[in-house]
Amino acid sequence: MPEVTLTTLNGLKAKGEKITMLTCYDATFAKAASEAGVEVLLVGDSLGMVLQGHDSTLPVSNDDMAYHTASVKRGNNGALILTDLPFMAHATPELAFTNAAQLMRAGAHMVKIEGAAWLAETIRLLAERGVPVCAHMGLTPQTVNVLGGYKVQGRQEAQARQMRADAIALEQAGAAMLLLECVPSELAAEITQAVGIPVIGIGAGSATDGQVLVLHDMLGLSLSGRVPKFVKNFMAGQPDIQSALAAYVEAVKTVSFPASEHGFSA
């Protein structure tokens, strides 16, 4: 696959072509996913749950993220590598820069930070210092204890209005991409239209500029046995993992995934 850059992703949004993203934590799957055409490999702090066996992402350290980012880099064949800043790694703007620098040195092309408009100062600092940022909004797993669980965000009009305003504010602060998780499909569509940067969805309907799933979820693997509504098992009916990855890419590109049953209403 030709090397994917931010320019590539912005071009896909401009053309109306969907962007494909999957989580990835090691060299073998990085090679498989990138060769299947997955454009963005997300080294997610979800590794705390699917690899380390924790019940949340909170125990994950920045050293963990750097280790797995370096592993993904070694197997990657052209995809853009996006790495999460884990819990409290961006407690202050300067701390965020220090931790982001570690991840960029490990091989990340961009970092992802969970939050809302209060992230503006941090995003501005990172962008000015050459670190592209993806802002993660909606259901933010690092704040699951504040949210009261893994719940859809933005169903109330006041919350939806604030989320739209926050998205615009973060773009103005320098965010290069947005990720919306567990947001009503209509709200996600409105935010996607309101900003000029690519918007990736997970449980956010089909109108976003692209889609992401946790690798283990889309392969039908689960420690808990609980399958989120927005997940589809792409291993079903496929002879091997490479075929499942290719099926995911095709489904996102042709907008056959996500279907209406994978989204949420207001």
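Sequential numbering from 1, following the chain as shown.
Each Cβ is built from the backbone N, Cα and C atoms, and glycine gets one as well.
The 3-methyl-2-oxobutanoate binding site feature in Swiss-Prot is assigned to ASP45, SER46, ASP84, LYS112; the stated evidence is sequence analysis. Within its own chain, ASP84 (3-methyl-2-oxobutanoate binding site) has LEU42, VAL43, GLY44, ASP45, VAL60, MET65, VAL111, LYS112, ILE113, GLU114 as residues 6 or more apart in sequence whose C-beta sits under 8 angstroms from its own. Under the three-state DSSP scheme, ASP84 (3-methyl-2-oxobutanoate binding site) falls in the strand class.
For GLU114 (Mg(2+) binding site), the Cβ neighbour count at a 10 Å cut-off comes to 24, with all displayed protein chains included. If you look up Swiss-Prot, you'll see ASP45, ASP84, GLU114 marked as Mg(2+) binding site.
Here GLU181 (active site, proton acceptor) comes close to HIS136, MET137, GLY138, LEU139, THR140, PRO141, GLN153, GLY201, ILE202, GLY203, ALA204: these same-chain residues lie at least six apart in sequence, with C-beta atoms under 8 angstroms from its C-beta. Taken from Swiss-Prot, the feature active site, proton acceptor covers GLU181.
Note on SER46 (3-methyl-2-oxobutanoate binding site): other Cβ atoms within 10 Å of its Cβ, all shown chains, come to 21. A Cβ within 8 Å of the Cβ centre of ASP45, ASP84, GLU114, the residues given for Mg(2+), is found for these other residues of the same chain: GLY44, SER46, THR57, VAL60, LEU85, PRO86, PHE87, LYS112, ILE113, HIS136, PRO141, GLN142. Shown are the binding-site residues ASP45, LYS112; of these, the residue with the fewest other Cβ atoms within 10 Å is LYS112. DSSP assigns GLU114 (Mg(2+) binding site) to a strand.
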